[in-house]
Amino acid sequence: MEDILDNLNDSQRTAVEWCDGPQLVIAGAGSGKTRVLTYKIAYLLRKGLAPWNILALTFTNKAAREMKERIANLVGTDRARGLHMGTFHSVFSHILRVEAEAIGYQSSFTIYDQSDSRSLVKNIIKEMDLDDKIYKPASVADRISMAKNHLVLPQTYAMSAWAKDDAIRRQPSISAIYKRYCERCRQSNAMDFDDLLVNTFMLFDANEEVLQKYIDRFQYVLVDEYQDTNYVQQAIVSQLTKPTGRICVVGDDAQSIYGFRGANIDNILNFQQEYPNTRLFKLERNYRSTQNIVDAANSLIRHNQRQIPKTVYSKNDEGEHLVLKPAYSDKEEAIIVCNDIRRIRKTENGRYCDFAILYRTNSQSRAFEEQMLKDNIPYRIYGGLSFYQRKEIKDVTAYYRVVVNPDDEEALRRIINYPARGIGDTTLRKIIDVANHDGVSLWSVISQPHLHPIPVGKSTLTRLDAFCQLIEGWRVRMAAEDAYEIGHSIIMESGISKEIYASKNPDDVARQENLEEFLGSLKDFVENHREEGLVEQMSLADYLQDVALLTDLDSEQGDEDDRVALMTVHSAKGLEFPTVFVVGLEENIFPSPMSAGSTRELEEERRLLYVAITRAERHCILTCAQNRWRYGKLEYDTPSRFIKDIDTRFLRVESGRQDYGRAESLSGSRTKSVYGNSFSGQSSRSGSSWQQNPHPVASQFKADPKPRIVAPRQPESSVDPLSPSFRQQLQNAGGSRFKPVNRVVSSNSASSATTALKEGNVIEHQRFGVGTVLRIDGSGENAKATVEFRNTGTKQLLLKFAKFKIVQ
Ligand SMILES: Nc1ncnc2c1ncn2[C@@H]1O[C@H](COP(=O)(O)OP(=O)(O)OP(=O)(O)O)[C@@H](O)[C@H]1O
Ligand SMILES: [Mg+2]
């Protein structure tokens, strides 16, 4: 035990060892909160608590995976197996699958994503003959989501202050839309993201034994990033832990940045009232960043009124100042950043993955992408329009959803006449009317027309019947085939592949590539599980569950690649990088123009910048542009007000243009460059418009008092930062952030060893390690071995696929 706790400082160690009741750890960025949670779990396991008795809730699935890996390193893979870890949504969706019946769902329920929810709201608005200019589907859907996250359900909404507010804003029908929305989700055996939480709360609220079962199971509950939990999440945690008090939450009120989505900073502020015996722990030393970065971030956040006072200091090097590099345009901003990446990577012998570019909104990524492609800098964009949101992929997954759960209305509507099969809008409307009238799903209507007569002609009925047969056929096969086999058949037999491959226009070619990539990922999913040699195959339902819960950060795979990370500040929560660029620090971007109205929202924006800066370990570079293309127009802007909040003792303004301009450096005309003094109009560069047109930011900041001379740079053309193999990889990937299909490897590699395998043999499996064969069943293709692995337990392996060698 001593050994692992040696990696902690005294306050961290005390927080880990104290397990006598509710525990709140409030501490600034980089002070080891996540580390404390990780070590605490390891500590509990070492103390003998079983892994399945621990529930840890994180903000992304990726964070959960990383934490699990660290714990496995600390206590051994075997001891860590079976921990319940993940986001609220993923952990509770699994519980809901098991307990679905108790709340009137089938366990095959599908999950509506944001676009499904909006589309359903839109349909309802249309059906109710409401004006969609007054009832904008996206904002109505957001309002419904907000109500759900506050546990204001349709029954109470109509009588609540929410409905009164709606009336004042002349949207009195939101309550009725909300009610109908919930009915339709139920009829569709579908849950939206918010339902995963609301239904969990309702499940526990209405079923004492079920709740007790989970209270007994989760003997210790730990929550990371507690400051960004919302009302319903807090309510569920409370249901599970109030009776036992075995809860440990960690967070930083200064990093609460999801208020716009309903996160409630009061959860952390009121924790001690909620759990009267709480012990509060503080961590003060930041291990992540240089002193300058910590001090700069502190000086910024000090401008917020509403916060818990706390000390954060660093004993790392003093480090260099934060640097502000103003640019003329978004294009120049991208060039400055790319040049810095190359410069720092070279001087520090670093990797591309040591850099992150953080922006306020996803649309800012474009200029950086373009520049990085030009400069051959490998990058990965996190978030944005997810691969799974593309039309062709949504079409395919809609088929899958209907096969798994035919009641899924949104999916069914999407595919009932795609590809065209003569079931037009008029027919669909009639089906919906019958379904609404009878209170059943669309599928119930079309699959049982004798029970729910549809007023359409005979030929239409025949077409509907053919469609149902098609779906039923796949449903039967789904039981026997793995996700790839059935998934592939559906694409071929539904007519989707014909539709997409028929055309040669460039958009469709991109669709074909996406479809192939998608099939590749499906194959990967199945193979990854099969490579483990497990008998149980991954079904289409497993795949959908896996895909539906990917968050912005999870949707990317292959993190091991050496690439610069591009993401919004929101997505960067909890992460750290040696060098961080915070870009687009302008008045109409950061703070977001939506927040300029209220102090509360402005404080959230300031916290957002605090989060951004505190991601940096050694270098933090801020940029802003004088003009940029937005929404098809060239817009001019002034620097963000937040820049002034940062104490100038820790911030320096520099011209980033010292190595700007490929043409300039290629011509070799420049032998030296000067930092900073361009603001005072003394730039040595001739012909720079910088001099003729002083930068607007320049006048607002004092230039670096000690301009530095920078060594001449190599002309860029002579330096190839990429190895030929990496360049090839980049070409293969087409600059895309998704895996190319040709990486899919077949694992059908039955080794000759398998035929010789006997009971009593000791084998070494590539993932499960060393184990003894207890039994062999079946023969040839179907031969299975039951193996007791030393560290990973007993498993059944399908010998055709399992990868192992016989040791003795
Ligand atoms: N006692 C320690 N010794 C060495 N390194 C430490 C120690 N405590 C924390 N660190 C390191 O400092 C960094 C920040 O820790 P961690 O991510 O746990 O902080 P955090 O408080 O969760 O930050 P954030 O507020 O950004 O979520 C990590 O790289 C971590 O490994
Ligand atoms: Mg953390």
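A Cβ is built for glycine as well, from the same backbone N, Cα and C atoms used for every other residue.
Per TrEMBL, domain 'UvrD-like helicase ATP-binding' is recorded for 6-290. Mean model confidence of the domain 'UvrD-like helicase ATP-binding' (6-290) amounts to 95 (pLDDT, 0 to 100 scale).
DSSP assigns GLY30 (ATP binding site) to coil, not to a helix or a strand. The ATP binding site annotation in TrEMBL covers ALA27, GLY28, ALA29, GLY30, SER31, GLY32, LYS33, THR34.
Among the features that TrEMBL reports, domain 'UvrD-like helicase C-terminal' is placed at 291-574.
Annotation comment: TrEMBL describes 661-724 as region 'Disordered'.
Here TrEMBL flags 666-675 as compositional bias 'Polar residues'.
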Task: Could you list, ordered by sequence, which of these binding-site residues: GLY30, SER31, LYS33, THR34, have a Cβ under 6 Å from ligand 2?
output: LYS33, THR34
- request: Report the residues of the chain - excluding ALA27, GLY28, ALA29, GLY30, SER31, GLY32, LYS33, THR34 - with C-beta within 8 Å of the mean position of the site's C-beta atoms, for the recorded ATP site, in sequence order.
  value: ARG35, ASP252, LEU283, ASN286, ARG288, VAL312
